[in-house]
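For reference, Swiss-Prot has these:
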{"type": "BINDING", "residues": "D28, K29, E30, Y31, D32, S76, L77, R139, E173, K310", "note": "NAD(+) binding site"}
{"type": "ACT_SITE", "residues": "K118", "note": "active site, N6-AMP-lysine intermediate"}
{"type": "BINDING", "residues": "C403, C406, C419, C425", "note": "Zn(2+) binding site"}
{"type": "DOMAIN", "residues": "583-663", "note": "domain 'BRCT'"}
Amino acid sequence: MKLIEDLIEKLNKYSYSYYVLDNPIVADKEYDIMYDELKRLEEETEYINPNSPTQRVGDIILDKFEKTHHKNKLWSLDKAQKKDEVKAFVNKCVKFVEQYNLTHSEKLPSPQFVVTQKLDGLTINCSYNESRLIKSATRGTGEIGEDITEQSKTILNLPNAINYSGEIDVHGEALMTKNALEQYNSNLKVNETPLKNLRNGAAGALRNLNIKETARRKLVAQFYDLSYTDKKLKKYSEILLFLKSQGFNITEYNICNNFDEINQAIDNIGEVRSSLQYDIDGVVIRLNDIETSRLMGYTIKCPKYAIAYKFKAKETTTKLIDVEWNVGRSGRINPTAILEPVELAGVIVKRATLNNMDDIKRKKIKKGARVFLRRSNDVIPEIMGVTEETEGETKEIEAPTICPYCGSEIVKEGVHLFCENTLSCKPQMVKSIVHFASRKAMNIEGFSEKTAEQLFEKLNIKSISDLYRITKEELMSLDKFKDKKASNLINAIEKSKECDLDSFVYSLGIPNVGKKTATDLCKQFKSFENIKKASYFELILVQDIGSIVAKSIVDFFKQEKIEKSLNELFKLGVKPSYEESEVSESVFNDKTVVATGSLQNYSRTEIKEKLESLGAKVAGSVSKKTDYVIAGENAGSKYDKAVALGVKILTEEKFEELIESVK
């Protein structure tokens, strides 16, 4: 046994030096000899230490991926395309600290920032308890991921055991190196397809039910955060050092005091990008002080204390074959480039955006030309210009003079082309109806794009208000509509008449107004009439509404056809209403609340929204600052921690009693 333990200790030490410190202390051949000897001894003695390097590679094929809930949400980051946006982020953090310190006796430290590489692999979340790896999961939705515990054990530098005995979740990125990709593609089996890029190599490995195949990819990982911990740390840099002390390979970082230092760090990372063994697509800038980060909080989508600066996307060239003109919900006619298929960042691209005719002329883009193609944010293909190596004939791109769908005359507003035939232009009407009926809007259950197309083509629906004139008999004349389906849709349409004001505002399809903006407008103006009459200057006073959005709202309600459509909706019984939460009477007002376990009457999103409507601050973990924990079935560690800290625990039934008591 002692020989086995000695070999495990040595091999883990060698792996740590190789993968974490990037400083090999034995030759590969020597390591392989020791590894084979350990494997032989384990087979002979049937003694297995879970921390043995032989336990990294599984030999099983799983049936399916199980869903798993993360203890805390794994957030995505806000993106910056320009250095000015990074500077604005830094200034925002500085201003926040200054304003906070003016009104609080306990002062926050001057902002420091930690700059790290933005890794381009597959995000993983690894849970440890009592020093053992107990679960690994993909990021998934940020709240629910897929269990990849067995797959993660093939990651060459992921510790199966650590010294720290508490409970932690480690957040990082699984990566395939350039050498591993080259080796994999050089040793393909018959009929196997070569891997196209590093990110897909990593993602495909961890989402493979065949663990042997996962192991072939020889993945590594870098870690950069604790998504959950019972350890008290004051700085983000302390988190990184703690991770390193536990044997995790951490991402390289720089501590910066101001924008100039951050700018230099960004440039330094950009210079080494191409020489790295793994892919990065930018730089992450994050506040170092954890308490300041907590106080800054989150938007709907991302933390306010961090931002990702994106590097310029990779480019390639291809031939532009043709241009297709498509009509959107607003009537805007958008050009789309049809391309000679080309591989870009591991994806075959056949189409790309052209923005508008002014952009086409400015870039001198022509049919038949060879063009520079870029994937903005490595997602959306965009034509950046033409090359000098175009061969053969080229042809000017001409703007259409009539709508390609309905034949109506086109008008130009600014740089964009519009079809003003809102009544009988199929794409406009169908997309408008689908948007109006969508879940975040009027929430008409059972409504689909196919239904909208039939309503337009067979029932001659020419406006949103026509939805409320449809009869059951008319619906039954459509394809696949029988008695029950027709009745259900009629009932859903009728039910939608009683709607929340923010849903109604969003359903109208006001340019540049999403659901959050619609909600902000309702909170500010309280009624639809007030929103409709709001001036440009009143609108820009609303948080997060700038000049472009304000102008869109004013211009929208000025239109005679919009006024007519709204009046028809109201005459047909649509009654949007706004109910302001009386948070002052709620026992949860300004209280920090954590919900845990499975609740009978609420999803995670619903309980969060309910608590926020009652004035509560919803947290993802239990601490001394937590006022209440709402515990459902299988509450787990959060419940245990609440008991240990003496936090007041509410059952779902008690929670609802408290709500009812203040009505």
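Any Cβ shown, glycine's included, is placed from N, Cα and C.
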Let me know the model's mean pLDDT on the domain 'BRCT' (583-663).
81
Among L77, K118, E173, which are recorded as recorded positions, the nearest neighbour of C403 (Zn(2+) binding site) by Cα:
L77
Minimum Cα separation from C419 (Zn(2+) binding site), reported as the residue among recorded positions L77, K118, E173 that achieves it:
L77
Closest of the recorded positions to C406 (Zn(2+) binding site), Cα to Cα, picking from L77, K118, E173?
L77
Beyond the listed site residues C403, C406, C419, C425, identify every same-chain residue whose Cβ lies within 8 Å of the center of their Cβ atoms for the Zn(2+) site.
V327, G331, I402, P404, Y405, G407, S408, N421, S424, K426, P427, Q428
Counting every protein chain present, what is the number of Cβ atoms, excluding its own, within 10 Å of the Cβ of the residue listed as 'active site, N6-AMP-lysine intermediate'?
21
Write down the Cα-Cα distance for E173 (NAD(+) binding site) and K118 (active site, N6-AMP-lysine intermediate), rounded and given in Å.
10
Count the other Cβ atoms sitting within 10 Å of the Cβ of E173 (NAD(+) binding site), across every protein chain shown.
24
When the domain 'BRCT' (583-663) is classified with DSSP, how many of its residues are helical, how many are strand and how many are coil?
32 helix, 17 strand, 32 coil
Could you list the residues of the same chain, at least six apart in sequence, whose Cβ is under 8 A from the Cβ of C425 (Zn(2+) binding site)?
V327, G331, C403, Y405, C406, S408, C419
Among the binding-site residues C403, C406, C419, which residue has the largest number of other Cβ atoms within 10 Å of its own Cβ?
C419
Would you identify the secondary structure of C403 (Zn(2+) binding site) according to DSSP, in three states?
coil
Measure from the Cβ of L77 (NAD(+) binding site) and count the other Cβ atoms within 10 Å, all protein chains considered.
18
